[in-house]
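Worksheet for the structure shown next.
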Amino acid sequence: AVYFDQLEESGKDLSYTIRFPYEISWFTNYVTEDFTSLFRALEESIIEYYANQTDRAVPEIDLKMKQLPFPPTAFNFFLQVLDLGLGLLVIISFLYTAATITKELVIEKETRIRESMLMMGLRQWVLWASWFIKQLLFMFVWVVAYTILFKYAGVWPRSDGFLIFIFFLLYITSIIAYGFFISVWFSSPRIALFVSFVVFFLSYIPSFFITGFDQQIPYNGKLALALFSNTAFDLRLRVISILEQSQLGLQWDNVSEPLSIDNPLNMGAVFGMLIFDILLYMIIAWYVDAVKPGTYGVPKPLYFPFLPSYWTGRPLECRKRSEDEVVERPPWYDGGAHEEEPRDREAGIKIQNLTKTYTPAIFSLLKGEKLAVDSLNLNMYEGQITALLGHNGAGKTTTISILTGFKDVTN
């Protein structure tokens with residue numbers, strides 16, 4: 001509102017106060033809250049009113065504003081057009097790759113290839129590292145191609161080429177981490193492929209809010225939205241575009257400098273958020289994969305990162321029997337139904353009261369739990385070939401799957 005403290009018809013003395021709603025009174029930026037616009041409109045109206053009273057001509061005043069200090073800005077129509085869809089085009093070009101990474105990881109899990117390699121002694125971190133290196137080498141060609149295109153094709157000619165290279169290298173690394181993150185939640189390749197497509201595209205949506213409400217979204221809010229790697233990628237595109245139009249480009253000396261006094265966003269912060277996204281995706285993938293391995297694999301407890309044995313790799317203690325030790329028959333032993341245990345051989349595997357039950361699906365709850373292995377006791381001796389014989393459904397495959405780590409034991 002405009003409150004006139006003193007108003008005289010003669011026009012000799014005029015006093016007024018401009019009052020804004022209390023909801024925005026904390027935001028004291030005169031330009032963005034339209035204070036200067038209202039003030040200019042009032043002054044021009046007052047001048048025009050009293051000029052008409054005295055038959056004087058009102059001169060046309062050309063008012064311009066410039067922020068100081070501020071780098072020179074050159075309008076680039078090409079960059080303005082690219083800003084409208086450049087980020088979306090680049091993200092779409094990697095959409096199939098991101099979904100394929102997820103699908104291949106789930107296929108490896110579904111076909112038991114992964115558990116077979118782990119069963120043969122492959123370390124889990126080596127398996128993840130092999131996937132990471134494979135995808136990084138495959139996508140490295142795109143990093144080089146995009147670097148040459150953006151640097152030497154007139155898109156970002158003033159920016160440092162190595163920084164552009166790092167820019168795209170971090171982005172493809174985040175795509176690989178994204179594929180790891182999505183793959184651990186699913187056991188079906190088709191569902192994982194579909195979800196990866198949808199989530200990857202939706203992670204770009206927050207960038208539209210940043211574009212439409214750039215002044216309203218605070219600095220920390222933009223960094224929070226940058227938890228989506230595609231949003232962080234689009235933010236970096238906008239930062240470089242602004243630096244290019246400022247005739248500076250992205251350089252090592254302005255990586256950590258804010259874009260302007262009113263916009264504290266800088267390339268260093270966006271780089272940091274993308275690195276944080278990569279670490280966050282990989283840590284979540286590592287944890288969920290351990291506690292929820294899927295159809296095959298033995299889940300670890302929720303608190304496994306706090307177990308010293310997980311980090312030290314302490315082997316299981318195995319007590320060997322001495323030659324003079326008397327072997328006692330177990331309580332379940334029945335001479336008529338069991339073969340005599342050999343006394344001259346060492347048992348490499350001892351199974352005691354092994355039980356495995358399967359929980360029925362949601363549509364077959366009335367059938368109850370299915371008992372696959374019922375209190376199995378078996379010793380497998382060194383120097384012998386052990387085979388399990390039995391009818392279909394006797395639990396042979398389930399027993400071997402438990403021993404090799406494909407399935408978890410119930411009791």
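Cβ from N, Cα, C; glycine included.
According to TrEMBL, the feature domain 'ABC-2 type transporter transmembrane' maps to 59-287. The transmembrane segment annotation in TrEMBL covers 74-96, 125-150, 162-185, 191-211, 263-288. Taken from TrEMBL, the feature domain 'ABC transporter' applies to 374-408.
Tallying C-beta pairs under 8 angstroms between the transmembrane segment (263-288) and each of 125-150, 162-185, 191-211 places 162-185 first. Remote same-chain residues near the transmembrane segment (125-150) are listed as 90, 93-94, 97, 101, 105, 114, 117-118, 156, 159, 161, 164-165, 168-169, 172-173, 175-176, 179-180, 286 (criterion: CB distance under 8 Å, separation of at least six residues from the stretch ends). Sequence-distant neighbours of the transmembrane segment (191-211) (same chain, 6+ residues past either end, Cβ-Cβ under 8 Å): 87-88, 91, 95, 98-103, 105-106, 178-179, 182-183, 185, 217, 222, 225, 228-231, 234-235, 238.
Same-chain residues lying 6+ beyond the ends of the domain 'ABC transporter' (374-408) with a Cβ under 8 Å from its Cβ atoms: 112, 115, 118-119, 296-299, 330, 332, 341-342, 345-356.
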